[in-house]
Amino acid sequence: MSAGTSATGPRRGPPGLEEATSKKKQKDRANQESKDGDPRRVSMPRKEPTKDELLLDWRQSSDKVVVKLRVGTGPICLEEVDAAFTDTDCVVRLPDGRQWGGVFFAKIQSSCTKVQTRKGGLLQLALPKKVPLLTWPSLLKKPLGTQELVPGLRCQENGQELSPIALEPGSEPRRAKQEARNQKRAQGRGEVGSGASPGAQAGPSAKRAVHLCRGPEGEGSMDGPGPQGDAPSFLSDSATQVEAEEQLHVPPVNPQTSLLGSEKNLALLTVEKTVSPRSDSVSPVMIRNRDPEKDDHFKEEMAVGADPAALADEPESMVNLAFVKNDSYEKGPDSVVVHVYVKESRRDTSRVLFREQDFTLIFQTRDGNFLRLHPGCGPHTIFRWQVKLRNLIEPEQCTFCFTASRIDICLRKRQSQRWGGLEAPATRVGGAKVAVPTGPTPLDSTPPGGGPLPLTGQEEARAVEKEKPKARSEDSGLDGVVARTPLEHVTPKPEPHLASPKPTCMVPPMPHSPVSGDSVEEDEEEEKKVCLPGFTGLVNLGNTCFMNSVIQSLSNTRELRDFFHDRSFEAEINYNNPLGTGGRLAIGFAVLLRALWKGTHQAFQPSKLKAIVASKASQFTGYAQHDAQEFMAFLLDGLHEDLNRIQNKPYTETVDSDGRPDEVVAEEAWQRHKMRNDSFIVDLFQGQYKSKLVCPVCAKVSITFDPFLYLPVPLPQKQKVLPIYYFAREPHSKPIKFLVSVSKENSSASEVLESLSQSVHVKPESLRLAEVIKNRFHRVFLPSHSLDAVSPTDVLLCFELLSPELAKERVVVLEVQQRPQVPSIPISKCAACQRKQQSEDEKLKRCTRCYRVGYCNQFCQKTHWPDHKGLCRPENIGYPFLVSVPASRLTYARLAQLLEGYARYSVSVFQPPFQPGRMALESQSPGCTTLLSTSSLEAGDSEREPIQPSELQLVTPVAEGDTGAHRMWPPADRGPVPSTSGISSEMLASGPMEGCSLLAGERVSRPEAAVPGYQHSRESVSAHTPQFFIYKIDASSREQRLEDKGDTPLELGDDCSLALVWRNNERLQEFVLVASKELECAEDPGSAGEAARAGHFTLDQCLNLFTRPEVLAPEEAWYCPQCKQHREASKQLLLWRLPNVLIVQLKRFSFRSFIWRDKINDLVEFPVRNLDLSKFCIGQKEEQLPSYDLYAVINHYGGMIGGHYTACARLPSDRSSQRSDVGWRLFDDSTVTTVDESQVVTRYAYVLFYRRRNSPVERPPRAAHAEHHPDLGPAAEAAASQASRIWQELEAEEEMVPEGPGPLGPWGPQDWVGPPPRGPTTSDEGCLRYFVLGTVAALVALVLNVFYPLVSQSRWR
């Protein structure tokens, strides 16, 4: 450049003066570098390389170029090799001074280049092609000019020497005399210098070939010829002005301070092209403001032919700013808006310069607050801030404008895609990570890796086609301006070290992100990973295990992971949705997901995501415990609102069936739901169920279809094991004892009947369940009756009955009870006066109804009758039973066979030998037998007392209303009158009664004769005296003895029952001894482990409970449109449409009331493979069954007061849910370990994640979403700006997370009630307060759950 500047541009001075100035600056530079402690660059003798010292060989593939340099025979230290890459060229400098570089044939991806060492003294350069599948005919472009060649800068391509690269002479830029002062100033405000300073050197345009230059000292002043022999000129007419905009300017370079020898200056120099020799200066070309209302012109006035010494003493300099307060957001898919907050900026001297990869803001300001931040600067100081952009822009379409408080810059994207941030991320140079500073780099330099992010093949192809017609305008737009900035020879100020975020690591290739396999493998080899991808844990921030388990489970949802990994979600962010977070939640979740799958952290801290969630849901503020399912529902709902494709939600109404087909109503309801809710979350997680309501009064049926995000399936309540004794229809089969598990609450008899039905292979309609108390039927259960009051100690009998459909006629069902004819209970004292029996002559008289008490006389009996009246009833023996006989075959013989067959299992009967002289009672009246009542004989009662005639106190019973449901013996309303003769006067007056006589020798045959279709002859049945009598008890509780009518069927109604009375009276001939015994039965082998399985359920049982009809509670009453009133209707939920990812919540937590809260820890057995839901889904009849495979489980340990969450998950393959790309792992906060699949099913499972087989989620094309992104309003712009800042902050903080192990294990103090040990905003006082409050809450809950129920129960007793 010239030594002076004018109002229109820089001008050249006399050749002699400039040469002297150049030598003076060289001397000053050497002195300064010696003071800075870098004598190597000054004192090391220069070694002139020859062309044979570097041997070049190169090869190419479809997506990259590999260059090999033979630099010697010894080992190479990669840290001493200086390498600089741009998209078009490169420079490699060796420690001994040799260098190689040039302009490539085509563009490369400078951000992905690598420098590696190989055996044999080889240096290998890996250069990814920017346009894959493009074949390079040569490595380097053929130079256009024929300038002097730099010794040693010669290359060979495939063994053949290439033409040398053209160079240009240059000269050392001058330094200002205030260098020391500027260096001190730079410590407070960043880098200071001009276009030729070490921190801001001229660089090539992204479209211009670069030529290396290096000349001897004193050679190449600015008066020397240019590349085409033209001297610089000052342009006067408009035609030459346009040409001047197309020219490139090259400042002279010194060999010791040029790009080739500086580690900080990694950019290449641009080629200067001048137009006309008519003038010795060149006018700068500026980019005008695109705003027609605010068209600012930057004017520079510099004296023509000014003294160079005066320039050196210039008081002001251009200050390169490292940071300016700003924010940015993406306005739609095509533009980015940047707000730079600088007040009182001077419009006449401020402007913005745009290039396709960056922009530079040059301004002056009068703001005192801003100037105080930069000591030594004033209103005339020129500030410069440059931003390297993340992707390419259209410089011609970018605009800017000035306001009183800020500068607004609008960038037009070249490609319509989301950037995810403003500045370009970090990159690598020479195989090592290099962080690109967030501060500016010079406009005329291109730092390595500062180019746009690598594009996919399709995007790159579109970018190449779009770049071709604009090559001329882009090449000539800014490059001429870069070299003509004022004060470019001012002394540079060193830039302080800036703490920059580390670059993000490359993630494994996603299905929707075609990345080169070779480059990915090389990146994985170079990357220093601390764990395998997918084995990164999450730090427990303090009781945040509920959040960690949910995030880890969702991160293993294959479709969701890929959707956020390849950044497809960016095109669907809805900034206008007031129900969302403006994209902040989606971006935060995406960054967290990427960190979990990079493998660069042992544990990651999800504090940013928690803060975003807490800003939207205040219940998650702080570090209290929460429900994992509640957090999961909020997170998925928040992601849905952030990604909702609907910008303006229309009003919709609930769709009712009104008699229409379910298929039509369901589809209409789903489409209406999609009119307001359409996102990737809906496509992946949401299903649809059918809700059916039935009014109990008018039978109005209402059917609606509603969406669901997860299925909250209830668990059966705590189980109880009930012993059930099953009696087959025929008595020859021994009873079988079954153990059946039912719920302690809300259980019904139908559960038992269905369970037994599956065991005995009998229809539930043919079974009857009855409860037995004190050897009599207490009640017979209908299928709908509740079993809540039944305890495991109660006796339950189940009987198989003959169905009328099978018999094809009326079937008579009879209840049968057993009792002895005469009880054998000794009596020692009077029940009324408590006087003991004195002698045999004064025996106590028994009560003839119950035979359980005795009296001295009738007076004592009448006195005691009020107390004895309620207890006066006979007691049965054995077990009662039910018999079912067809009406046409109900003969006395058949009935006797059935009764004796059933009775022998519960009573012991023994007939003693016949004793001559025993009194026969056949001649007595029937009243002696029909009115006798006995008490039950205790099993094992050896003390027996002979019954004398005087002890038989008989009375005539008077019927009384039966107060019991199954009362077999009515109490008398008046007391019996004792008689010393043993026979009352009423019986004597009654005379002979019918039915008393019995046939001699009558005996019942064996029960085996009761087989259907087999009938014994009457002679065989009547061969012996019967052991019992049969009495019929009618509805009025009156008894009548049945008579044997031969083959004539007995006439018995359905409202009567039977009593089997054993002949145990010792005064009768052939009496029997009878006593109760334990029921003879066989044990069911399948019930052996029922007690152990009492706390085990299956997922099918839970789904059955979910789909079972239930009656609404009064507070949930449904408004019937037909009755016009709220009704406690019957509600039933049925699955209609199943999602691709099914989430099932096991409702382990029971909230019956504020006091009664409980957690069910019983095991729920759920399938890991092949969950078939075809029997639960009534809609969408498809060819393939809805089969699901488990891929994640959230576990909860502990109870209601405190607990801990963990997760088990695997990453299913993208093609088949049965296979896994990453196997099962256990996520316990920051600890991640592998587990076997058999260890996944535990009693602590809380939330289950299933993936459907053979049902991929189709993503809509990105172009289809263009209509969902109209121009954003002010509120949406603010949300987009904040979301963009969060994306940058999260990416920056992603690499600064502590990698050590997290908190304590699963039972550590952080997972229980208490404050976090290291909360970011929690002080020691706050921790103590949280601990005290948590302890008090735990004590209150303990009192309410334990002591209050005890007090309340004792009160009601």
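Glycine is treated like the rest: Cβ placed from N, Cα and C.
Of the residues Ser163, Ser283, Ser500, Ser925, Swiss-Prot records the annotation phosphoserine for Ser283. In Swiss-Prot, the feature region 'Disordered' is placed on 962-981, out of the ranges 642-661, 962-981, 1202-1221. The feature region 'Disordered', as given by Swiss-Prot for the ranges 819-838, 859-878, 939-958, 1259-1278, sits at 1259-1278. Listed in chain order, the residues near the Zn(2+) 2 site other than Cys847, Cys850, His868, Cys872 are Arg849, Arg852, Val853, Lys869, Leu871, Arg873, each with its Cβ within 8 Å of the site Cβ centroid.
If you count neighbouring Cβ atoms within 10 Å for each of the binding-site residues Cys847, Cys850, Cys872, the highest count belongs to Cys847.
With a 10 A radius on its CB, His868 (Zn(2+) 2 binding site) counts 20 other CB atoms from all the protein chains. Here the domain 'CS 2' (321-423) is broken down by DSSP into helix, strand and coil counts: 8 helix, 45 strand, 50 coil.
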